[in-house]
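As structure tokens, the structure follows; a few thoughts come after it.
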Amino acid sequence: MTNIRKTHPLIKIINHSFIDLPAPSNISAWWNFGSLLGICLIIQILTGLFLAMHYTSDTMTAFSSVTHICRDVNYGWLIRYMHANGASMFFICLFLHVGRGLYYGSYTYFETWNIGVILLFAVMATAFMGYVLPWGQMSFWGATVITNLLSAIPYIGTTLVEWIWGGFSVDKATLTRFFAFHFILPFIITALVMVHLLFLHETGSNNPSGLISDSDKIPFHPYYTIKDILGALLLILILMILVLFSPDLLGDPDNYTPANPLNTPPHIKPEWYFLFAYAILRSIPNKLGGVLALVLSILILMLFPILHMSKQRSMMFRPLSQCMFWILVADLFTLTWIGGQPVEYPFIIIGQLASILYFMIILVILPAISLFENKLLKW
């Protein structure tokens with residue numbers, strides 16, 4: 001009798017994806033973040049579902065309903081803070097996952113990579129709309145500022161913004177539709193994740209050396225299942241430390257003030273995971289230019305397969321590229337810091353320099369260094 005695991009139409013798919021999947025024998029802990037992102041997505045969908053049972057998407061009651069969840073619902077505070085901080089963990093894992101892809105040249109699987117970039121956009125859109133739902137000051141003004149950016153689009157801008165708002169300002173219609181989109185997007189993300197995995201399993205995983213590893217594969221289970229479980233335990237440990245000891249560490253105190261269209265907060269800023277893009281947006285004095293730079297700061301990831309000039313796939317044996325990669329990481333930290341600072345000297349000029357450096361490293365310096373390293377191979 002053949003194993004049901006290998007014959008049953010549905011279980012067979014799971015078997016080929018998570019059990020008998022041939023995986024490189026040398027993939028490091030940097031390859032754990034895919035599974036961690038899956039766990040983050042599951043946590044977010046489950047906690048979000050339970051929050052949606054008690055939340056009301058109406059301007060009059062939204063803020064009160066969140067307070068009600070935290071005070072009156074059994075373990076409501078836990079569900080709410082797991083959802084809020086789960087988003088932060090999601091983005092930490094996302095940034096590390098993308099960084100791993102850049103460092104080890106995983107972007108040469110360009111279908112997998114491009115679906116990944118679309119996923120990044122989808123998660124960012126979901127997180128932005130989720131931030132609006134508690135209807136605090138920063139929710140309202142964040143929504144106003146970010147949606148307003150679309151008015152920079154020539155000809156259709158103003159009409160587009162009013163269409164998204166469902167009126168002439170961010171109001172009840174906006175909140176209701178943001179809740180609807182925030183609910184549906186994670187399921188679209190789940191479908192995209194399946195496509196992401198489908199393309200990945202067509203080629204198999206990359207590995208730290210960047211070399212073809214077909215001659216040295218091991219089964220995913222038990223080797224990488226146990227490794228992923230360790231990663232998951234560490235993720236949940238960090239998340240629960242954050243949730244139970246300092247749940248508001250990454251939030252904005254302004255969001256504990258109900259939304260007031262007549263009172264603008266002194267510093268409007270998004271959640272920490274958008275600050276790098278926000279800094280790039282603010283560093284350009286022109287509105288349309290800023291919006292383009294904001295979109296390109298993420299969209300530029302799609303250019304990496306084209307900009308790859310090196311004869312080697314991974315950066316493992318390319319010290320000059322490694323050095324530039326870590327300068328890029330430091331630059332992103334700088335942009336994140338600048339995004340949270342007021343628009344005044346010296347932060348403006350630092351932000352502008354960091355933004356220029358960001359695009360320069362990706363578009364010019366890294367490809368140039370790769371070509372130079374190719375020359376070094378001949379010496």
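Note that Cβ sites are derived from N, Cα and C of the backbone, with glycine treated the same way.
Per Swiss-Prot, the feature transmembrane segment maps to 33-53, 77-98, 113-133, 178-198, 226-246, 288-308, 320-340, 347-367. Marked as heme b b562 binding site by Swiss-Prot on the basis of similarity to another entry: H83, H182. Sequence annotations record features per position, and here Swiss-Prot assigns heme b b566 binding site to H97, H196 based on similarity to another entry. Per Swiss-Prot, ubiquinone binding site is recorded for H201.
Taking the features listed in Swiss-Prot, we show where each one sits on the structure.
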residue: H83; record: heme b b562 binding site; DSSP class: helix
residue: H97; record: heme b b566 binding site; DSSP class: helix
residue: H182; record: heme b b562 binding site; DSSP class: helix
residue: H196; record: heme b b566 binding site; DSSP class: helix
residue: H201; record: ubiquinone binding site; DSSP class: helix
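Note on H83 (heme b b562 binding site): other Cβ atoms within 10 Å of its Cβ, all shown chains, come to 21.
Counting residues 6+ beyond its ends, the transmembrane segment (347-367) has Cβ neighbours under 8 Å at 279-280, 282-284, 293, 296-297, 300, 303-304, 307-309, 321, 324-325, 327-328, 331-332, 334-335, 338-339, 341 in the same chain. Fewer than three CB pairs closer than 8 A are found between the transmembrane segment (33-53) and the transmembrane segment (288-308), and contact between the two stretches is not assigned (pairs 6 or more residues apart). If you measure from the Cα atom of H201 (ubiquinone binding site) to that of H97 (heme b b566 binding site), you get 17 Å.
Within the same chain, the transmembrane segment (288-308) stays apart from the transmembrane segment (178-198): fewer than three Cβ pairs sit under 8 Å, each pair at least 6 residues apart. Cα-Cα distance from H97 (heme b b566 binding site) to H83 (heme b b562 binding site): 20 Å (rounded to the nearest whole number). Note on the transmembrane segment (113-133): residues 48, 55, 57, 62, 66, 87, 90-91, 94, 98, 101, 106-107, 139-140, 142-143, 146, 174-175, 178-179, 181-182, 185-186, 188-189, 192-193, 195-196, 199, 270-271, 273-274, 298-299, 301-302, 304-305 of its chain, located 6 or more positions outside it, place their CB under 8 angstroms from a CB of the stretch. Least packed by the Cβ count within 10 Å, out of the binding-site residues H97, H182, H196, H201, is H201. Straight-line distance linking the Cα atoms of H182 (heme b b562 binding site) and H196 (heme b b566 binding site), rounded to a whole number, equals 21 Å. Between the CA atoms of H196 (heme b b566 binding site) and H83 (heme b b562 binding site) there is a gap of 24 Å, rounded to the nearest whole number.
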